[in-house]
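S.K.: Take a look at what TrEMBL says about it:
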type     : residues : note
ACT_SITE : 186      : active site
ACT_SITE : 263      : active site, proton donor
ACT_SITE : 365      : active site
DOMAIN   : 41-208   : domain 'FAD-binding PCMH-type'
REGION   : 1-39     : region 'Disordered'
């Protein structure tokens with residue numbers, strides 16, 4: 001579908017898709033899933049197969065017996081200790097190519113297995129604005145529309161124009177326009193329904209050496225600018241990477257705080273009545289950080305709720321898990337040998353205490369596989 005990579009302009013900093021080696025998608029072996037998640041948790045899979053191209057990915061999904069789990073970077077998934085009783089397809093397709101351009105913008109199609117931060121680095125190197133504030137996020141490009149990945153005032157929904165998928169119901173490949181993707185806060189039509197397998201993602205980016213207007217106050221302070229100012233793309237990327245590293249949100253094998261899925265809970269979005277009740281229950285603590293949204297909804301800081309409910313940075317759980325020493329929202333496999341059940345026990349304790357104290361229910365951001373919260 002679409003032009004081949006050999007007919008498209010080469011993108012600085014990202015390998016041409018046509019140059020990527022493929023793997024044998026027909027060769028499946030059992031194995032541990034902890035090796036394929038940033039948490040370093042998860043039991044065994046009956047079968048694991050790697051797909052090095054979109055065609056291989058489609059073939060692997062078509063021929064695998066049910067159930068099937070699609071796994072790429074493994075950075076936003078929690079897999080149960082029992083593992084997965086079926087076929088796990090590892091997405092290893094790589095590459096990015098320009099599919100449309102004009103004087104002010106460029107549209108790129110990115111294979112699902114392309115590491116996300118490699119893509120962001122390439123867009124910055126090419127003076128393409130739109131993804132710079134999403135620097136340092138682990139995982140693959142194909143996962144970004146599923147979660148509508150966002151950070152520091154940017155979301156991928158702002159630049160995605162379409163998502164190429166394999167439709168498991170119809171048995172066809174198609175491009176779903178962004179308007180039909182159901183993008184919402186950390187969600188989309190792809191998140192909870194396993195009908196579609198993401199093959200590639202199209203992004204329309206602005207030709208500019210400057211970032212979009214800085215929207216996030218913490219990032220503006222780090223850049224020593226005002227909210228609404230624009231800065232060189234490289235400066236925005238560097239500042240985001242520093243902020244994320246300071247919170248243990250950039251993968252580092254030597255830092256146990258990075259054995260996590262990043263933020264474990266989403267910031268709750270409350271209606272006005274629930275928000276007013278929260279203000280009453282937290283009056284002696286001061287107002288929680290909050291951001292007004294559409295239709296009178298208010299997004300509230302989950303990190304603040306967790307901290308004020310009695311869970312400080314570094315709070316330990318059983319079995320070698322703990323809240324990150326750098327960021328209250330991250331739950332970590334501190335020991336490197338902890339089990340998923342230990343992590344979920346800590347998560348339940350936090351959720352239940354926040355609800356008891358503030359009347360607000362926290363919801364997990366990662367996808368839970370063969371386990372429940």
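Just so you know, glycine gets a Cβ as well, placed from its N, Cα and C.
Predicted automatically and left uncurated, TrEMBL annotations should be read as such.
It should be emphasised that the depicted structure is a prediction, and the values quoted were computed from it without experimental measurement.
Each of the listed features needs to be described in terms of its position in the shown structure.
M.R.: Counting only same-chain residues at least 6 apart in sequence, those with a Cβ under 8 Å from the Cβ of residue 186 (active site) are 147, 148, 149, 150, 266, 365.
Here residue 263 (active site, proton donor) comes close to 302, 327, 329, 330, 365: these same-chain residues lie at least six apart in sequence, with C-beta atoms under 8 angstroms from its C-beta.
All protein chains included, residue 365 (active site) registers 19 other Cβ atoms within 10 Å of its own Cβ.
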